[in-house]
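As C-alpha coordinates, the structure follows; a few thoughts come after it.
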Amino acid sequence: MSLGRGKYDFYIGLGLAMTSSIFIGGSFILKKKGLLRLARKGSMRAGQGGHAYLKEWLWWAGLLSMGAGEVANFAAYAFAPATLVTPLGALSVLVSAILSSYFLNERLNLHGKIGCLLSILGSTVMVIHAPKEEEIETLNEMSHKLGDPGFVVFATFVVIVALIFIFVVGPRHGQTNILVYITICSVIGAFSVSCVKGLGIAIKELLAGKPVLQHPLAWILLFSLVVCVSTQINYLNRALDIFNTSIVTPIYYVFFTTSVLTCSAILFKEWQDMPVDDVIGTLSGFFTIIVGIFLLHAFKDVSFSLASLPVSFRKDEKAMNGNLSSMYEVLNNNEDDLPCGIEHTGENISRRNGNLPSF
(Lines of atoms letter the chains of each structure in order from A and count residues from 1; the text may use other names and numbers.)
(Lines give C-alpha, C1' and ligand atoms only; values in the text may rest on other atoms or scores of the structure.)
Protein backbone atom coordinates (compact mmCIF):
# COMPACT_ATOMS: atom_id res chain seq x y z
CA MET A 1 0.00 0.00 0.00
CA SER A 2 1.34 3.43 -0.94
CA LEU A 3 1.89 6.04 1.74
CA GLY A 4 -0.74 8.38 0.24
CA ARG A 5 -3.32 5.61 0.00
CA GLY A 6 -2.58 4.52 3.57
CA LYS A 7 -3.24 8.01 4.93
CA TYR A 8 -6.39 8.28 2.81
CA ASP A 9 -7.77 5.04 4.27
CA PHE A 10 -6.72 6.16 7.76
CA TYR A 11 -8.82 9.32 7.58
CA ILE A 12 -11.77 7.43 6.11
CA GLY A 13 -11.62 5.01 9.04
CA LEU A 14 -11.27 7.89 11.49
CA GLY A 15 -14.30 9.65 10.02
CA LEU A 16 -16.36 6.44 10.14
CA ALA A 17 -15.34 5.77 13.76
CA MET A 18 -16.33 9.28 14.87
CA THR A 19 -19.59 9.10 12.90
CA SER A 20 -20.30 5.77 14.56
CA SER A 21 -19.83 7.30 18.01
CA ILE A 22 -22.22 10.16 17.20
CA PHE A 23 -24.94 7.82 15.91
CA ILE A 24 -24.59 5.32 18.77
CA GLY A 25 -24.43 8.04 21.44
CA GLY A 26 -27.48 9.77 19.97
CA SER A 27 -29.41 6.50 19.74
CA PHE A 28 -29.54 6.17 23.54
CA ILE A 29 -31.12 9.63 23.78
CA LEU A 30 -33.74 8.93 21.11
CA LYS A 31 -34.75 5.60 22.66
CA LYS A 32 -34.85 7.13 26.14
CA LYS A 33 -37.06 10.00 24.90
CA GLY A 34 -39.40 7.49 23.32
CA LEU A 35 -39.64 5.43 26.52
CA LEU A 36 -40.29 8.57 28.58
CA ARG A 37 -43.12 9.58 26.25
CA LEU A 38 -44.70 6.16 26.72
CA ALA A 39 -44.35 6.46 30.50
CA ARG A 40 -46.20 9.80 30.43
CA LYS A 41 -48.99 8.16 28.43
CA GLY A 42 -49.36 5.47 31.08
CA SER A 43 -48.25 2.58 28.86
CA MET A 44 -46.66 -0.50 30.40
CA ARG A 45 -42.94 0.15 30.67
CA ALA A 46 -40.32 -2.03 28.99
CA GLY A 47 -38.82 -2.94 32.37
CA GLN A 48 -42.19 -4.43 33.34
CA GLY A 49 -42.39 -6.56 30.21
CA GLY A 50 -44.32 -4.12 28.02
CA HIS A 51 -43.75 -3.76 24.28
CA ALA A 52 -45.57 -0.50 23.61
CA TYR A 53 -42.27 1.04 22.55
CA LEU A 54 -42.61 -0.84 19.25
CA LYS A 55 -45.31 1.69 18.33
CA GLU A 56 -43.20 4.73 19.28
CA TRP A 57 -41.42 6.36 16.34
CA LEU A 58 -38.73 7.92 18.54
CA TRP A 59 -37.69 4.48 19.77
CA TRP A 60 -37.45 3.23 16.18
CA ALA A 61 -35.42 6.31 15.26
CA GLY A 62 -33.03 5.43 18.07
CA LEU A 63 -32.81 1.82 16.88
CA LEU A 64 -32.05 2.93 13.32
CA SER A 65 -29.46 5.38 14.64
CA MET A 66 -27.74 2.60 16.56
CA GLY A 67 -27.84 0.35 13.50
CA ALA A 68 -26.25 3.07 11.37
CA GLY A 69 -23.59 3.57 14.03
CA GLU A 70 -22.73 -0.13 14.16
CA VAL A 71 -22.48 -0.30 10.36
CA ALA A 72 -20.14 2.71 10.35
CA ASN A 73 -18.08 1.13 13.13
CA PHE A 74 -17.88 -2.13 11.19
CA ALA A 75 -16.71 -0.28 8.10
CA ALA A 76 -14.14 1.72 10.08
CA TYR A 77 -12.21 -1.48 10.88
CA ALA A 78 -11.75 -2.07 7.15
CA PHE A 79 -9.89 1.22 6.73
CA ALA A 80 -8.20 2.11 10.03
CA PRO A 81 -6.19 0.12 12.59
CA ALA A 82 -8.08 -1.47 15.48
CA THR A 83 -5.66 0.43 17.75
CA LEU A 84 -7.47 3.60 16.66
CA VAL A 85 -11.06 2.48 16.10
CA THR A 86 -11.68 0.57 19.34
CA PRO A 87 -10.62 3.27 21.86
CA LEU A 88 -12.64 5.89 19.95
CA GLY A 89 -15.74 3.94 20.95
CA ALA A 90 -15.52 5.89 24.21
CA LEU A 91 -16.73 8.96 22.31
CA SER A 92 -20.22 7.42 22.13
CA VAL A 93 -20.36 7.56 25.94
CA LEU A 94 -19.25 11.18 25.76
CA VAL A 95 -21.87 12.08 23.14
CA SER A 96 -24.58 10.35 25.17
CA ALA A 97 -23.60 12.22 28.35
CA ILE A 98 -23.58 15.62 26.65
CA LEU A 99 -26.86 15.12 24.78
CA SER A 100 -28.62 13.77 27.88
CA SER A 101 -27.80 16.98 29.76
CA TYR A 102 -29.54 19.00 27.03
CA PHE A 103 -32.45 16.81 25.95
CA LEU A 104 -33.17 14.67 29.02
CA ASN A 105 -32.42 17.32 31.66
CA GLU A 106 -29.89 15.00 33.28
CA ARG A 107 -27.41 17.18 35.11
CA LEU A 108 -23.74 16.80 34.19
CA ASN A 109 -21.70 17.68 37.28
CA LEU A 110 -18.17 19.06 37.42
CA HIS A 111 -16.61 15.58 37.49
CA GLY A 112 -18.56 14.66 34.37
CA LYS A 113 -17.48 17.79 32.50
CA ILE A 114 -13.84 17.17 33.38
CA GLY A 115 -14.27 13.53 32.31
CA CYS A 116 -15.69 14.64 28.94
CA LEU A 117 -12.78 17.02 28.43
CA LEU A 118 -10.22 14.32 29.29
CA SER A 119 -11.91 11.86 26.92
CA ILE A 120 -11.69 14.38 24.07
CA LEU A 121 -8.04 15.12 24.84
CA GLY A 122 -7.17 11.43 25.10
CA SER A 123 -8.92 10.64 21.82
CA THR A 124 -7.08 13.49 20.11
CA VAL A 125 -3.73 12.20 21.36
CA MET A 126 -4.54 8.68 20.13
CA VAL A 127 -5.53 9.97 16.68
CA ILE A 128 -2.23 11.84 16.40
CA HIS A 129 -0.07 8.88 17.43
CA ALA A 130 -2.00 5.86 16.07
CA PRO A 131 -0.40 3.89 13.18
CA LYS A 132 -1.42 5.42 9.85
CA GLU A 133 -0.98 2.41 7.56
CA GLU A 134 -2.65 -0.98 7.41
CA GLU A 135 -0.56 -4.13 7.53
CA ILE A 136 -3.14 -6.49 5.95
CA GLU A 137 -4.91 -5.90 2.63
CA THR A 138 -6.14 -9.37 1.52
CA LEU A 139 -7.69 -12.48 3.05
CA ASN A 140 -4.62 -14.46 2.04
CA GLU A 141 -2.48 -12.16 4.17
CA MET A 142 -5.03 -12.50 6.98
CA SER A 143 -4.83 -16.29 6.73
CA HIS A 144 -1.04 -16.12 6.96
CA LYS A 145 -1.25 -13.88 10.05
CA LEU A 146 -3.69 -16.24 11.77
CA GLY A 147 -1.18 -19.06 11.39
CA ASP A 148 1.60 -17.09 13.05
CA PRO A 149 2.94 -19.04 16.10
CA GLY A 150 2.66 -15.99 18.35
CA PHE A 151 -1.05 -15.54 17.59
CA VAL A 152 -1.75 -19.28 17.89
CA VAL A 153 -0.28 -19.25 21.41
CA PHE A 154 -2.27 -16.10 22.27
CA ALA A 155 -5.53 -17.51 20.88
CA THR A 156 -5.06 -20.80 22.73
CA PHE A 157 -4.44 -18.95 25.98
CA VAL A 158 -7.53 -16.75 25.48
CA VAL A 159 -9.78 -19.73 24.73
CA ILE A 160 -8.55 -21.61 27.82
CA VAL A 161 -9.09 -18.55 30.04
CA ALA A 162 -12.58 -18.00 28.60
CA LEU A 163 -13.60 -21.64 29.12
CA ILE A 164 -12.30 -21.66 32.70
CA PHE A 165 -14.23 -18.49 33.51
CA ILE A 166 -17.40 -19.72 31.80
CA PHE A 167 -17.57 -23.22 33.31
CA VAL A 168 -15.59 -22.96 36.56
CA VAL A 169 -15.27 -19.41 37.87
CA GLY A 170 -18.57 -18.02 36.55
CA PRO A 171 -20.99 -20.41 38.30
CA ARG A 172 -19.16 -19.91 41.62
CA HIS A 173 -18.29 -16.22 41.70
CA GLY A 174 -20.18 -14.58 38.82
CA GLN A 175 -22.95 -13.28 41.08
CA THR A 176 -20.58 -11.60 43.52
CA ASN A 177 -17.47 -10.58 41.57
CA ILE A 178 -17.95 -7.97 38.84
CA LEU A 179 -14.72 -8.95 37.06
CA VAL A 180 -15.86 -12.49 36.17
CA TYR A 181 -18.45 -11.76 33.47
CA ILE A 182 -16.59 -8.67 32.27
CA THR A 183 -13.44 -10.73 31.75
CA ILE A 184 -15.38 -13.23 29.63
CA CYS A 185 -16.82 -10.42 27.48
CA SER A 186 -13.44 -8.76 27.09
CA VAL A 187 -11.28 -11.73 26.08
CA ILE A 188 -13.94 -12.94 23.65
CA GLY A 189 -14.22 -9.37 22.36
CA ALA A 190 -10.62 -9.50 21.18
CA PHE A 191 -11.63 -12.27 18.76
CA SER A 192 -14.80 -10.48 17.63
CA VAL A 193 -12.87 -7.36 16.61
CA SER A 194 -10.36 -9.49 14.69
CA CYS A 195 -13.25 -11.19 12.89
CA VAL A 196 -14.80 -7.82 12.03
CA LYS A 197 -11.44 -6.64 10.75
CA GLY A 198 -11.11 -9.71 8.53
CA LEU A 199 -14.67 -9.42 7.22
CA GLY A 200 -14.08 -5.76 6.44
CA ILE A 201 -11.09 -6.75 4.32
CA ALA A 202 -13.25 -9.43 2.65
CA ILE A 203 -15.91 -6.87 1.76
CA LYS A 204 -13.29 -4.56 0.25
CA GLU A 205 -12.04 -7.46 -1.88
CA LEU A 206 -15.60 -8.39 -2.85
CA LEU A 207 -16.28 -4.85 -4.05
CA ALA A 208 -13.06 -5.06 -6.06
CA GLY A 209 -14.47 -8.07 -7.93
CA LYS A 210 -12.43 -10.81 -6.27
CA PRO A 211 -13.99 -14.27 -5.55
CA VAL A 212 -14.14 -13.78 -1.80
CA LEU A 213 -17.18 -16.03 -1.27
CA GLN A 214 -15.11 -19.01 -2.39
CA HIS A 215 -12.51 -18.35 0.28
CA PRO A 216 -13.20 -20.57 3.35
CA LEU A 217 -11.69 -18.00 5.71
CA ALA A 218 -14.52 -15.54 5.00
CA TRP A 219 -17.12 -18.04 6.23
CA ILE A 220 -14.99 -19.06 9.21
CA LEU A 221 -14.70 -15.41 10.24
CA LEU A 222 -18.46 -14.89 9.86
CA PHE A 223 -19.30 -17.95 11.98
CA SER A 224 -16.72 -16.98 14.62
CA LEU A 225 -18.12 -13.44 14.76
CA VAL A 226 -21.66 -14.72 15.42
CA VAL A 227 -20.43 -17.01 18.23
CA CYS A 228 -18.24 -14.31 19.82
CA VAL A 229 -20.87 -11.56 19.69
CA SER A 230 -23.57 -13.88 21.09
CA THR A 231 -21.29 -14.81 23.99
CA GLN A 232 -20.39 -11.17 24.63
CA ILE A 233 -24.02 -10.02 24.70
CA ASN A 234 -25.02 -12.88 27.00
CA TYR A 235 -22.41 -12.22 29.67
CA LEU A 236 -22.51 -8.44 29.37
CA ASN A 237 -26.27 -8.53 30.02
CA ARG A 238 -25.61 -10.69 33.09
CA ALA A 239 -23.09 -8.18 34.41
CA LEU A 240 -25.47 -5.25 33.78
CA ASP A 241 -28.35 -7.10 35.43
CA ILE A 242 -26.38 -7.81 38.62
CA PHE A 243 -24.09 -4.81 39.04
CA ASN A 244 -24.42 -1.04 38.73
CA THR A 245 -24.15 0.25 35.17
CA SER A 246 -21.91 3.13 36.26
CA ILE A 247 -19.37 0.55 37.46
CA VAL A 248 -19.74 -2.00 34.66
CA THR A 249 -19.32 0.50 31.80
CA PRO A 250 -15.86 1.92 32.62
CA ILE A 251 -14.44 -1.45 33.73
CA TYR A 252 -15.71 -3.15 30.59
CA TYR A 253 -14.28 -0.37 28.41
CA VAL A 254 -10.84 -0.75 29.99
CA PHE A 255 -10.79 -4.57 29.84
CA PHE A 256 -12.26 -4.81 26.35
CA THR A 257 -10.01 -2.14 24.81
CA THR A 258 -6.92 -3.62 26.48
CA SER A 259 -7.77 -7.06 25.07
CA VAL A 260 -8.28 -5.63 21.58
CA LEU A 261 -5.04 -3.64 21.66
CA THR A 262 -3.14 -6.74 22.80
CA CYS A 263 -4.70 -8.89 20.09
CA SER A 264 -3.99 -6.24 17.43
CA ALA A 265 -0.38 -5.96 18.53
CA ILE A 266 0.09 -9.73 18.20
CA LEU A 267 -2.04 -10.46 15.11
CA PHE A 268 -1.76 -7.35 12.95
CA LYS A 269 1.55 -6.14 14.41
CA GLU A 270 0.29 -2.56 14.22
CA TRP A 271 2.82 -1.51 16.86
CA GLN A 272 5.84 -3.15 15.24
CA ASP A 273 6.98 -0.19 13.11
CA MET A 274 5.72 2.57 15.40
CA PRO A 275 8.34 4.97 16.82
CA VAL A 276 8.74 4.97 20.59
CA ASP A 277 7.15 8.41 20.92
CA ASP A 278 4.04 7.22 19.04
CA VAL A 279 3.75 4.14 21.27
CA ILE A 280 4.02 6.31 24.39
CA GLY A 281 1.55 8.82 22.92
CA THR A 282 -0.99 6.12 22.06
CA LEU A 283 -0.80 4.58 25.54
CA SER A 284 -0.99 8.03 27.17
CA GLY A 285 -4.10 8.87 25.17
CA PHE A 286 -5.67 5.54 26.10
CA PHE A 287 -5.04 6.02 29.83
CA THR A 288 -6.35 9.60 29.60
CA ILE A 289 -9.59 8.27 28.13
CA ILE A 290 -9.79 5.71 30.94
CA VAL A 291 -9.52 8.48 33.57
CA GLY A 292 -12.14 10.53 31.72
CA ILE A 293 -14.61 7.63 31.51
CA PHE A 294 -14.04 6.86 35.19
CA LEU A 295 -14.80 10.45 36.24
CA LEU A 296 -17.85 10.54 33.99
CA HIS A 297 -19.41 7.40 35.48
CA ALA A 298 -18.09 7.00 39.03
CA PHE A 299 -19.34 10.40 40.24
CA LYS A 300 -22.39 10.90 38.03
CA ASP A 301 -24.80 10.71 41.00
CA VAL A 302 -22.75 13.13 43.12
CA SER A 303 -24.00 16.72 43.27
CA PHE A 304 -20.80 18.67 42.77
CA SER A 305 -20.12 21.99 41.03
CA LEU A 306 -17.73 24.93 41.23
CA ALA A 307 -19.81 26.30 44.09
CA SER A 308 -19.00 23.13 46.07
CA LEU A 309 -15.27 23.83 46.12
CA PRO A 310 -13.68 24.71 49.50
CA VAL A 311 -14.03 28.32 50.59
CA SER A 312 -10.28 28.89 50.31
CA PHE A 313 -10.48 28.08 46.56
CA ARG A 314 -13.13 30.69 45.82
CA LYS A 315 -13.23 34.45 45.94
CA ASP A 316 -14.67 35.58 49.24
CA GLU A 317 -16.76 38.71 48.96
CA LYS A 318 -16.56 39.29 52.68
CA ALA A 319 -12.81 39.75 52.49
CA MET A 320 -13.37 42.74 50.24
CA ASN A 321 -15.44 44.34 53.00
CA GLY A 322 -12.75 43.82 55.64
CA ASN A 323 -14.38 40.73 57.16
CA LEU A 324 -12.84 37.32 57.74
CA SER A 325 -11.97 35.57 54.48
CA SER A 326 -12.14 31.91 55.46
CA MET A 327 -13.39 29.46 58.04
CA TYR A 328 -9.77 28.75 58.92
CA GLU A 329 -9.41 32.24 60.38
CA VAL A 330 -12.63 31.82 62.36
CA LEU A 331 -11.37 28.58 63.90
CA ASN A 332 -7.94 30.08 64.46
CA ASN A 333 -9.38 33.05 66.39
CA ASN A 334 -11.52 30.77 68.54
CA GLU A 335 -8.58 28.51 69.42
CA ASP A 336 -7.48 30.72 72.31
CA ASP A 337 -10.90 30.33 73.96
CA LEU A 338 -10.72 26.52 74.02
CA PRO A 339 -9.85 24.66 77.26
CA CYS A 340 -6.55 22.86 77.44
CA GLY A 341 -8.16 19.43 77.18
CA ILE A 342 -9.93 20.29 73.96
CA GLU A 343 -6.68 21.56 72.49
CA HIS A 344 -5.09 18.14 73.04
CA THR A 345 -8.14 16.50 71.45
CA GLY A 346 -7.64 18.65 68.40
CA GLU A 347 -4.03 17.52 68.27
CA ASN A 348 -5.15 13.89 68.36
CA ILE A 349 -7.61 14.48 65.52
CA SER A 350 -4.88 16.20 63.54
CA ARG A 351 -2.60 13.23 64.10
CA ARG A 352 -5.24 10.79 62.81
CA ASN A 353 -5.49 12.86 59.65
CA GLY A 354 -1.77 12.54 59.11
CA ASN A 355 -0.74 15.99 60.33
CA LEU A 356 1.52 15.67 63.38
CA PRO A 357 1.68 18.78 65.61
CA SER A 358 5.02 20.40 66.16
CA PHE A 359 6.71 20.17 69.57
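Glycine too: its Cβ is placed from the backbone N, Cα and C atoms.
According to Swiss-Prot, the protein has these features:
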type	residues	note
TOPO_DOM	1-9	topological domain 'Extracellular'
TOPO_DOM	31-56	topological domain 'Cytoplasmic'
TOPO_DOM	100-107	topological domain 'Cytoplasmic'
TOPO_DOM	129-149	topological domain 'Extracellular'
TOPO_DOM	171-175	topological domain 'Cytoplasmic'
TOPO_DOM	197-215	topological domain 'Extracellular'
TOPO_DOM	237-246	topological domain 'Cytoplasmic'
TOPO_DOM	268-278	topological domain 'Extracellular'
TOPO_DOM	300-359	topological domain 'Cytoplasmic'
TRANSMEM	10-30	transmembrane segment
TRANSMEM	57-77	transmembrane segment
TRANSMEM	79-99	transmembrane segment
TRANSMEM	108-128	transmembrane segment
TRANSMEM	150-170	transmembrane segment
TRANSMEM	176-196	transmembrane segment
TRANSMEM	216-236	transmembrane segment
TRANSMEM	247-267	transmembrane segment
TRANSMEM	279-299	transmembrane segment
Under 8 Å for C-beta pairs, could you tell me which stretch among 10-30, 57-77, 247-267 has the largest tally with the transmembrane segment (150-170)?
247-267
DSSP-assigned states of the topological domain 'Cytoplasmic' (237-246) in counts, ordered helix, strand, coil:
8 helix, 0 strand, 2 coil
Is the number of Cβ-Cβ pairs under 8 Å between the transmembrane segment (10-30) and the transmembrane segment (79-99) three or more, considering only pairs separated by 6 or more positions?
yes
Can at least 3 Cβ pairs under 8 A be found between the transmembrane segment (176-196) and the transmembrane segment (247-267), with each pair 6 or more apart in sequence?
yes
Report the DSSP secondary-structure composition of the topological domain 'Extracellular' (268-278) as helix, strand and coil residue counts.
3 helix, 0 strand, 8 coil
Residues of the parent chain within Cβ reach of the transmembrane segment (108-128), under 8 Å, 6 or more residues beyond its termini:
14, 83-84, 87-88, 90-91, 93-94, 97-98, 100-101, 281-282, 284-300, 302-306, 308
When the topological domain 'Extracellular' (129-149) is classified with DSSP, how many of its residues are helical, how many are strand and how many are coil?
10 helix, 0 strand, 11 coil
